[in-house]
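Below is one structure, written out as structure tokens; the observations come after it.
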């Protein structure tokens with residue numbers, strides 16, 4: 001196997017592993033945790049597993065818009081963006097930047113799969129106490145795909161602000 005083929009194989013395995021873990025966790029929550037109920041909590045209610053559905057996007061924004069507009073804004077547009085992010089990840093030479101883009105891509109695909117095959121909404125289940133920060137008692141419930149996107153964005157910002165700029169300023 002050539003170095004390029006091995007690199008693409010590793011990217012494929014990374015993406016499939018992340019999407020599989022996300023979809024498996026959502027499947028298990030949807031199957032075994034009653035909608036709206038708390039399955040269990042840890043550390044004095046700091047972390048909970050709770051089954052909710054999100055028909056909107058980030059923090060349930062857009063939940064009330066018309067179904068056909070949702071298909072355009074929450075399905076078609078993200079698919080085009082994901083294709084672009086995947087293309088960028090293949091072109092990127094820096095390992096941190098590539099991993100960050102692949103995390104964003106994998107998380108986006110995980111949630112697009114839910115939008116395609118779960119008409120009742122994306123399965124969210126990770127729930128954290130937020131102690132009144134930003135006026136929130138609890139952070140909006142999320143899933144592993146959401147985590148991949150956020151971690152990928154943070155990694156990319158770190159890369160852009162600290163690594164890429166340092167290289168460009170030399």
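Glycine is treated like the rest: Cβ placed from N, Cα and C.
The active site annotation in Swiss-Prot covers 124 (among others). Sequence-distant contacts of residue 124 (active site), defined as residues of its own chain at least six apart whose C-beta falls under 8 angstroms from its C-beta, comprise 52, 53, 54, 140, 141, 142, 143, 146.
Under the heading active site, Swiss-Prot lists 146 (among others).
If you look up Swiss-Prot, you'll see 9-29 (among others) marked as transmembrane segment, on the strength of sequence analysis.
Look at Swiss-Prot and you will find 72-92 (among others) tagged as transmembrane segment. With a cut-off of 8 Å between Cβ atoms, the residues of this chain six or more beyond the transmembrane segment (72-92) that come close are 11, 56-57, 62, 65, 98, 101-102, 104-105, 108-109, 111-112, 115-116.
Swiss-Prot lists 94-114 (among others) with the feature transmembrane segment, giving sequence analysis as the kind of evidence.
According to Swiss-Prot, the transmembrane segment annotation covers 143-163 (among others).
Residues 18, 21-22, 25-26, 94, 96-97, 99-111, 114, 122-126 of the same chain sit 6 or more residues outside the transmembrane segment (143-163) yet have a Cβ under 8 Å from a Cβ within it.
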